[in-house]
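TrEMBL lists 12-33, 45-66, 99-123, 143-163, 222-246, 338-357, 399-429, 441-461, 519-543 with the feature transmembrane segment.
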Amino acid sequence: MATPGAASAELVIGWCIFGLLLLAILAFCWIYVRKYQSRRESEVVSTITAIFSLAIALITSALLPVDIFLVSYMKNQNGTFKDWANANVSRQIEDTVLYGYYTLYSVILFCVFFWIPFVYFYYEEKDDDDTSKCTQIKTALKYTLGFVVICALLLLVGAFVPLNVPDNKNSTEWEKVKFLFKELGSSLFDYLLRTDLKIKNRTKKLKVPRLRGEGRKSQDGLAALSFSISSLTLIGMLAAITYTAYGMSALPLNLIKGTRSAAYERLENTEDIEEVEQHIQTIKSKSQDGRPLPARDKRALKQFEERLRTLKKRERHLEFIENSWWTKFCGALRPLKIVWGIFFILVALLFVISLFLSNLDKALHSAGIDSGFIIFGANLSNPLNMLLPLLQTVFPLDYILITIIIMYFIFTSMAGIRNIGIWFFWIRLYKIRRGRTRPQALLFLCMILLLIVLHTSYMIYSLAPQYVMYGSQNYLIETNITSDNHKGNSTLSVPKRCDADAPEDQCTVTRTYLFLHKFWFFSAAYYFGNWAFLGVFLIGLIVSCCKGKKSVIEGVDEDSDISDDEPSVYSV
């Protein structure tokens, strides 16, 4: 019989691997941020903020397989609980993971709604040379206060929003929405009334009557935090639809197609320079006799001179890249890039097929929008839903696969952001370039990646719902069998994989699932967002196939962060 001490020692394995992964995450974030930050405008505070915020998001995602491992490790493969897994030990393990999520999600809220906005607005004010540091801090705090108010409202709404909708099947969707807001107002009113009665009766020591919603006081903190994180995850879903879905098609196809030849581009650029110089000479020849140029010719001359400066700057960069060792090294690795491109497009197709089958399963067999399209039992299997539970039985194979999935989302998201840029509606705010990204753009970049990483937890659930909910847990069901040697039927206990129909005391749900599916309307939004993700991927795939090869110095013409004295070979 295994003792609790031995069991605890075995459970430490999962946390040790998690600790090693923390170090790897910090190293990755440091290298990643340093790779993209501007060498001329790097700031210590913005760099540390970007590294820390991205690391916190990755650490939160790294807690997912630990959560699944711990709930799975408490049970044997035959469906029985292990000897040491009594109610107290199980509760302690669940609380440990839950407190870990509480801490990490609270830090994420602090970064998103206070620290990142404060640092961003501080450096926006720093661009004005006449502004003192005290004024910069005051202005940054003033703008950050708006984000703090939004965070407070999200926490307040999350604590009182109703978790269920009416069971009346004849009610329309509009009636359900009205019920949502009605119950929200009612719960908030009850809480305020309850607080007022407590204050009035504190000195009288009177018994305060029990009002509606009082029984779930212990879960208000979880609901408030879950609502706030789900709101951020919803924004992350929009960012994933915009950047990740497009990057999943753009990254592999760009690797396969490669870039244009630097020598050929330089030849074309030289011809353009000669043509522009000829136009300039033609316009200037009109004023050789002392006559002033017409306004139209002056505007044309100014445009041609600006164009000539751009082409000469482009010429210097092309010459530098053509003669650099890095270009020759990348040319030697061209076959390897093609192999990686083929691998990435196959992985993208695997994700898309799995996501499509999962969403189709929800559309055909779920309980509907009222439950957030939750699936009761497995109906349509997809490749990842079958692979992850199988790997989970041999720790840490599932850890490795989840790490690969998250890193894949990071790289494809970065490919999408680099191709599209950071926009505010129709206004381009920043372009992301290796070694040339300004501090404000770097903060925007890490904010977007943080939100996308938050959304990856739900994406993994969409791809493998049974794995995220129960891991590899089994439970016992009794079946009647007929024996030839004995008259009548006998009962046999057979292990079955845990699903939504399993008894609550036989299968332990992961803490991750509680955060993901606390509110049905967020789950419904994620479901429709998955369809949008698939649609954008297909559109991006068509666009990427139709586009030609990228320039070897793409972005030089319009990137304001590029210095003539700092050509970079890593912009390839």
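If you go along the chain as it appears here, the first residue is 1 and each next one adds 1.
Any Cβ shown, glycine's included, is placed from N, Cα and C.
Any TrEMBL annotation is an automated prediction that lacks curation.
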*Hey, does the transmembrane segment (12-33) touch the transmembrane segment (519-543), meaning at least 3 C-beta pairs closer than 8 angstroms, sequence gap 6 or more?*
no
*Would you kindly check 12-33, 222-246, 338-357 and say which stretch has the most C-beta pairs under 8 angstroms to the transmembrane segment (399-429)?*
222-246
*asked:* What residues elsewhere in the chain lie close to the transmembrane segment (99-123), defined as a C-beta under 8 angstroms and at least 6 residues from its ends?
replied: 43, 45-46, 49, 52-53, 56-57, 59-60, 63, 136-137, 139-141, 143-144, 147-148, 150-151, 221, 225, 228-229, 232, 439-440, 443-444, 446-447, 450-451, 454, 511-512, 515
*Mind checking which residues of the chain, 6+ beyond the ends of the transmembrane segment (222-246), have their Cβ under 8 Å from one of its Cβ atoms?*
98, 102, 105-106, 108-109, 112, 151, 154-159, 161, 163, 216, 409, 412-413, 416-417, 419-420, 448, 450-459, 514-516, 518-519, 522, 525-526, 529, 532-534, 536-537, 539-540, 543
